[in-house]
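**Q** The annotation disulfide bond is assigned in Swiss-Prot to 2-17, 9-22, 16-29. The leucine amide annotation in Swiss-Prot covers 33.
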């Protein structure tokens with residue numbers, strides 16, 4: 001199970017879906033460009 005767009009996340013334990021990454025500043029999953 002992974003976190004999708006705009007889901008809140010922990011940068012130290014990034015569980016965002018493939019092609020997403022946890023933003024340290026905003027603390028939600030953002031699309032990786």
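The backbone N, Cα and C atoms fix where each Cβ goes, glycine too.
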**Q** If you measure from the CA of residue 16 (disulfide bond) out to 10 Å, which recorded positions from the list 2, 9, 22, 33 are inside that radius?
**A** 2, 9, 22
**Q** On a count of neighbouring CB atoms within 10 A, which of the disulfide-bonded residues 17, 22, 29 is highest?
**A** 29
**Q** Let me make sure I understand the structure: which of the recorded positions listed (9, 33) has the fewest other Cβ atoms within 10 A of its Cβ?
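**A** Ranked by other Cβ atoms within 10 Å, the recorded positions 9, 33 bottom out at 33.
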**Q** Counting Cβ atoms within 10 Å of each candidate's own Cβ, which of the disulfide-bonded residues 2, 16 comes out highest?
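**A** The residue with the most neighbouring Cβ atoms within 10 Å is 16.
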**Q** Based on Cα coordinates, which of the following recorded positions are within 10 Å of residue 9 (disulfide bond): 17, 29, 33?
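**A** Within 10 Å of residue 9 (disulfide bond): 29.
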